[in-house]
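Below is one structure, written out as structure tokens; comments come after it.
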Amino acid sequence: MAGETTITVIGNLTSDPELRFTPSGSAVANFTIASTPRTFDRQSNEWKDGETLFLRASVWREAAENVAESLTKGTRVIVSGRLKSRSYETKEGEKRTVIELEVDEIGPSLRYANAKVNRTQRNNNQGAGNGGGFGNQGAGAQATQQDDPWAANSSASAGSWGNGPDSEPPF
């Protein structure tokens, strides 16, 4: 939503993401991120851990399925989203309110790991927000050389000015 404050949290997943489906069929993945600030103590010449923040998070739809398939317990992640409060009642009738992170973007941190990213084929065009990469191509669209402005031009007669060392620039 426009105007809402987003935050970014870097931390480790405390368990594998839990994937569920709503009665209407929407996927949701829930997980907890543990983020511990570290500071360097010059007197003792060592790193000191601060108090760990445990933050519950949820991600929806296709991203939820991608998270459940890709991320596991202990994975260091970078998560961006919006804080939301949610109230509920326990089995004992006590009213509780929790603060959770509604995830907009999530990915593995490459600081201490590497990853090979595989782009998924989209089944339908219900992507809300920035899902799907450059240009939000829908319904399994494949980027062709014609659609890709950065692709090398294979035909020399396409009107480009870089046709050799003696060609004149268009200006």
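Using the three backbone atoms N, Cα and C, a Cβ is placed for every residue, glycine included.
Feature annotations, reproduced from Swiss-Prot:
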type	residues	note
DOMAIN	1-110	domain 'SSB'
COMPBIAS	118-127	compositional bias 'Low complexity'
REGION	118-171	region 'Disordered'
COMPBIAS	128-138	compositional bias 'Gly residues'
COMPBIAS	139-164	compositional bias 'Low complexity'
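Across the domain 'SSB' (1-110), DSSP classifies residues as 10 helix, 64 strand, 36 coil. For the domain 'SSB' (1-110), the model's pLDDT averages out at 93.
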